[in-house]
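Enquirer: This is the feature table in TrEMBL:
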DOMAIN    20-238  domain 'MacB-like periplasmic core'
TRANSMEM  21-41  transmembrane segment
TRANSMEM  283-304  transmembrane segment
DOMAIN    288-403  domain 'ABC3 transporter permease C-terminal'
TRANSMEM  337-359  transmembrane segment
TRANSMEM  374-400  transmembrane segment
TRANSMEM  421-443  transmembrane segment
DOMAIN    455-592  domain 'MacB-like periplasmic core'
TRANSMEM  664-689  transmembrane segment
DOMAIN    668-781  domain 'ABC3 transporter permease C-terminal'
TRANSMEM  717-736  transmembrane segment
TRANSMEM  751-771  transmembrane segment
Amino acid sequence: MFRNYLIIAWRNIIKHKTFSFINIGGLAVGIAAVILIGLYIQSEISYDDFQVNRSNIYRAGFSTSLQDNPKDESPEFTAPFSVDAQKQFPEIQSYCRISESHEAWFLSGDKSIKTNDVKFADGSFFQIFSFKLSSGNPLTALQNPYSVVLSEKLADKIFGNDEAVGKTILLDGKTNYLVTGVSENTPPNSTIQYDAVASIATLYNDPNYFMGWNGGWQYQHYFQLRNNAVAPNLEKKFKNFLWTNFNEKYSASESERWYAHLQPLSKIHMYYSADAANTRTNIYVFSIVALLILIISCINYINLSVAHASSRFKEVGVRKVLGALKMQLVKQFMGETFLVTFLALLFAIVITIILFPVYQNVSGKSFILHTNEIVFASGFILLLMILISVAAGWYLSFYLSSLNAINIFKMQLPKYGKQRLGNVLIVFQFIITTALVSAVFIVQMQMQYIKNKPLGFDKEHIIVLSLTGDDVQKKAVLLKQQISILTGISGVSAMSEVPYDNITQNGFLPEGRKDYLTIHQLDADEDLLKTMNIHLLAGNYFSDQHQTDADGYIINQSLADKLGWKNPLNKTINRNGVHKVIGVVQNFHFASMHDQIGPLIITNKPWLNQFKFLVVKYNTENPSLLIGKLQGIWKQNVAAAPFDYWFLDAAFNTLYKAEEKYKLLFFCFSILSIVLSLAGVFGLVLLTLQYKTKEIGIRKVLGAGVADIMQLTAKKFFLLIVFASLVAVPVAWYYVNTWLQNFAYRIELKWWMFFVSGIIVLLFALIIISIQSIKAAIANPVKSLRTE
């Protein structure tokens, strides 16, 4: 019997191809959207799941607050913290220090390879963490100084198909390292990422690194605790431990005392990473979007099915006259719904597979599904299909099976819940749609605002050259001189960091204060202001005419305001000696618009080999020709080092890559929401016109025109969508304003932004309504009145 129901269902699908395409296609698109969003959410919540010891691994976070507050914690501290902690606390089974990432280039034979992610780590790195070595011994790979483990992708670039382990490579043109292992590439959902890991023991032999308690804050400390260890209890012990080893000796005041907190590895990405707040917001928002899209898809399926059911009223009447029982009709229509849902699911899987590569590119995610996740996803999809079949088919089945055969043939049909449910559903759909469109519109405006906001310096027509390695940095003076005389060059400046992706912070003791301040420090030569067009507000900048000022400091207006210095010139700041303030520059952005412009000190080092970048300002219309000349100068002087350059304006755009991807995803799902909502309107318009077929016929006979019929049909939907738009305003306002709070520099929300979004949605809906109304208005009224 059930087989017969499926055959009848298939025949109905083939018979009504257009309706079937809309019905199955809409449901398939909705399911595909849920699957794709699910992949995104799964990739975010599965960070570090591959780590076998993740339940016992913790990272230390440091703050000046005794309370654990992820927003205020820094993961970096001085080198001895974890070493001495393991000696004192038996709860710690092992530790691993990992340095911050830095650029480097490797030289092997005549091949030079640049990489941006080289780290130094303890020998326990491959024992605590589950990064697998494809060659080499994980127990000894990083035990000895000047040993390095390469990722497979970096090893392939350097050695190709040759065996890498046992070979020597030159790092930054100055130090030979022995390759002791090759590791599999780090998974995309790993908190720790690297291209190469070198032994941290090497740094103890380098005089440029200070490995004591008063050394550089550039090491993350990971602990693997014993199974019976209680992390909160160990955290309490860190208070006295840090007081004895650090705070008592190096903290200038009580406000500068540091406390250590333990961050579970499994929670770092969601709660302790730099972008944790955005990550949680994205998961929350996209989870809601997925649920709403699924609900809209089911609602549309029900609406369209009920609207189309009029074509089967006589079939139901005939079956009832021939003796069909109500439950038999229910089974038949449930079977049809199951078939439609199954076909929609198949198409959804096809859509997902087709869009998967594009979706990975748009979302910036590399999705990895393990066996247990595939099993879970399969079960979820199967459950989804059953739920949709029951939810959508149950109402339709009982709606059709409850019809009276006599009433069917007399065309005296019950109204669809007097359309109250339909009205509620359409309002609900358009609240969601208008809110999403408003969000997309405002996100786009914010992105345009931060891209066009003046930075306080010129970022256009600037090329940045990376000076990686001591040999390159020692020739920076020569490189600068030769580049400066090229045609089309208007300025060249050397600096320690490029002001676009934050700047290193150090401790300074300003005049009149008892405690140190953490202040951004930029080392630059005398041509910085000229090259980048930074405005000097007061005093002098470094120059050959003011040799006595070479040891002075230039501060920005933000630092002067923070210190309350109305006349900052000749004030003193202490760091490795007393330095006089010789100038004040206008505030300029050296990080993204997420943060306020912070205090900044510009220092001058007469030894250019301390600088890591050359910033080249050009005024030629052919930058590609200029780059060729720059590369020629580079090869003449430092041929062994890779020629690495980029345009500063392009680098600034990368600061908002996450927001751009978020905006694009939101745009895509908003378009999908509009399409699904319009499909719902399409179904409800058909349903309304079906109920008013005779009314429209009578009105036409009595002289009503096309405009009158359109008004009759569109008025109700117009009022519903306007009401939905009004309700959507506070919803959209709340969520968009929450997102905008991530930016220190943001647009102000205005009422017209939401008005425009509502108008856009309303226009699309009215187009759909008008098309169907016009068809009904021009139809022959005789056909609708022939049974009267």
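The first residue you see is number 1, and the count goes up from there.
Backbone N, Cα and C atoms are what each Cβ position is placed from, and that goes for glycine too.
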Enquirer: Quick one: mean pLDDT on the domain 'ABC3 transporter permease C-terminal' (668-781)?
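Expert: For the domain 'ABC3 transporter permease C-terminal' (668-781), the model's average pLDDT rounds to 81.
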Enquirer: Write out how many residues of the domain 'MacB-like periplasmic core' (455-592) are helix, how many strand and how many coil, based on DSSP.
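Expert: Summed over the domain 'MacB-like periplasmic core' (455-592), the classes give 32 helix, 45 strand, 61 coil.
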Enquirer: As a test: from 21-41, 421-443, 664-689, 717-736, pick the stretch that has the greatest number of Cβ pairs under 8 Å with the transmembrane segment (283-304).
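Expert: The stretch with the most contacts is 21-41.
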Enquirer: Same chain, outside the transmembrane segment (664-689) by at least 6, Cβ under 8 Å from its Cβ: which residues?
Expert: 22, 26, 29-30, 33, 37, 40, 286, 289, 292-293, 296-297, 299-300, 303-304, 306-308, 362-363, 416, 419, 422, 425-426, 429-430, 432-433, 436-437, 439-440, 443, 696, 713, 716-717, 761, 764-765, 768-769, 772-773, 776
Enquirer: Six or more residues out from either end of the transmembrane segment (751-771), which same-chain residues have a Cβ under 8 Å from its Cβ atoms?
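Expert: Distal contacts: 430, 433-434, 437-438, 441-442, 445, 674, 677-678, 681-682, 685, 710, 713-714, 717-718, 721-722, 725-726, 728-729, 732-733.
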Enquirer: Below 8 angstroms Cβ to Cβ, which residues of this chain, lying six or more residues outside the transmembrane segment (21-41), approach it?
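Expert: Result: 13, 283, 286-287, 289-290, 293-294, 296-298, 300-301, 304-305, 308, 340-341, 343-349, 351-352, 355-356, 359, 363, 365, 367, 377, 380-381, 384, 388, 665, 669, 672, 675-676, 679, 682.
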